[in-house]
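Working notes for the structure below.
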Amino acid sequence: MKVKEVIFAGRSNVGKSTLFSALFKFEVRKGKKPGTTIRPNSFQVGSVIFTDLPGFGYVSGYSRNFSERVKDFVVEYIETNARRIVASVEVIDASSFLEIAERWEKRGYIPVEIEMFEFLNDVTPRVFLAANKMDKVDDITNLNKIAEMLGMQPPWEKWRHVIYPVCAKKGEVSALKRDLKQYLLSLNLRDAAKAFR
């Protein structure tokens, strides 16, 4: 059987590595500061590689050139490996997503998270959106606005197969874990489903 891949992508400092660790019950390497990790963290279970990609987007203290290089690397990685990627998990910070997205839209730009969501939907067969840091927001209001900004008509509950409210730091990831596992089982990737303990 050919190797398949599940990728985790998201802006710097959204809790991507923390979510990765919460789902798979082990610690992954993290940069000393957000945005400093340039290499993907990967591990393989059976025929599936699980990859935590570097965080993208502007990071205070780094040049825009550096941020663009990281984003370009992430996009190139996804395009290069698109044939083997069976699912992608985009992690957003639910507590700051709306503010950041609205700021970028006021400047006439497509927010990076929205651009990435659209890109992942174009190149990967299944996208899971992990709305992290839910302990810091009003669930319903924020999730409805997040869904709408990503092109999904509220209420967000209609999109439970896409949007997963999580709090990775507290280990509150059960719905995402369950559905990722079920999705892999539906693809006959039983060996990889063992990754979710």
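In case you wondered, yes, glycine gets a Cβ from its N, Cα and C as well.
According to Swiss-Prot, the domain 'EngB-type G' annotation covers 2-186. Residues annotated as GTP binding site in Swiss-Prot: 10-17, 35-39, 52-55, 132-135, 166-168. Among the features that Swiss-Prot reports, Mg(2+) binding site is placed at S17, T37, with the record citing sequence analysis.
Look at S17 (Mg(2+) binding site): DSSP puts it in a helix. Across the domain 'EngB-type G' (2-186), the model assigns an average pLDDT of 90.
Just so you know, of the binding-site residues N13, S17, the Cβ with the fewest other Cβ atoms around it within 10 Å is the one at N13. G10 (GTP binding site) sits 10 Å from S17 (Mg(2+) binding site), taking the Cα positions as reference.
Residue density at G10 (GTP binding site): 28 other Cβ atoms are found within 10 A of its Cβ, drawing on all protein chains shown.
Burial estimate for the binding-site residues (R39, K133): highest at K133, by number of other CB atoms within 10 Å. S17 (Mg(2+) binding site) and V166 (GTP binding site) are 13 Å apart (CA-CA, integer value).
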